[in-house]
Ligand SMILES: Nc1ncnc2c1ncn2[C@@H]1O[C@H](COP(=O)(O)OP(=O)(O)O)[C@@H](O)[C@H]1O
Ligand SMILES: O=C(O)C1=C[C@@H](OP(=O)(O)O)[C@@H](O)[C@H](O)C1
Ligand SMILES: [Mg+2]
């Protein structure tokens, strides 16, 4: 099977759901942010602070290409879809699954989070603004899952059912 690329806004649950899905399907999982952090030996926040977002996007583009394109669950950073090149790559090499979550719920989930530099400052306003800018890009996915009012187990189950339609 082609790899599955989970996309969605910060806090939509990509990293959490991807780990559970991989375990259930007995497949390896790679999180692009964790991959970048391990390769550079720096946190995402440190990369943003010392090298800037533009450089981070270059790393993201570079490391995306190194991820296996078969039989792997790939959980991406929320901004991976900003580059047309990344969207085209993921759709060509795998299946793109968008985890949808409304801004109000993202705000609740990330209330105490300090690891996402793009949300520094007026977090609520930043979430709403960035969300509306990106929504059309997330919607280019092959499949969309609504994560609202569902726990991770339910979402994993839903993805399992949906991917059966892909094969
Ligand atoms: N379906 C869900 N319902 C409630 N909380 C969730 C759900 N999925 C993820 N979370 C929580 O939201 C936060 C962000 O999840 P995470 O997997 O890091 O998202 P992402 O990788 O998309 O940014 C975590 O605290 C996680 O436990
Ligand atoms: O949406 C974004 O631009 C980002 C999302 C983050 O990943 P998560 O979506 O896992 O939070 C991380 O890649 C970085 O902070 C930038
Ligand atoms: Mg994540």
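Heads up, the Cβ atoms here are built off N, Cα and C, so glycines get one too.
What TrEMBL records for this protein:
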- 11, 12, 13, 14, 15, 16, 116: ATP binding site (BINDING)
- 15: Mg(2+) binding site (BINDING)
- 33, 57, 78, 134: substrate binding site (BINDING)
Nearest recorded site to residue 57 (substrate binding site) by CA-CA distance, among binding-site residues 12, 14, 15, 116: 116
Residue pair residue 14 (ATP binding site), residue 33 (substrate binding site) - Cα distance, angstrom, rounded: 11
For residue 12 (ATP binding site), nearby residues of its own chain (Cβ under 8 Å, 6 or more apart in sequence): 78, 99, 100, 101, 106, 147
Rounded distance in angstrom between the Cα atoms of residue 15 (ATP binding site) and residue 134 (substrate binding site): 19
8 Å Cβ shell about 11, 12, 13, 14, 15, 16, 116 centroid, ATP site members excluded: 8, 9, 10, 17, 78, 99, 109
Under 8 Å by Cβ from residue 116 (ATP binding site), same chain, sequence gap 6 or more: 10, 44, 110
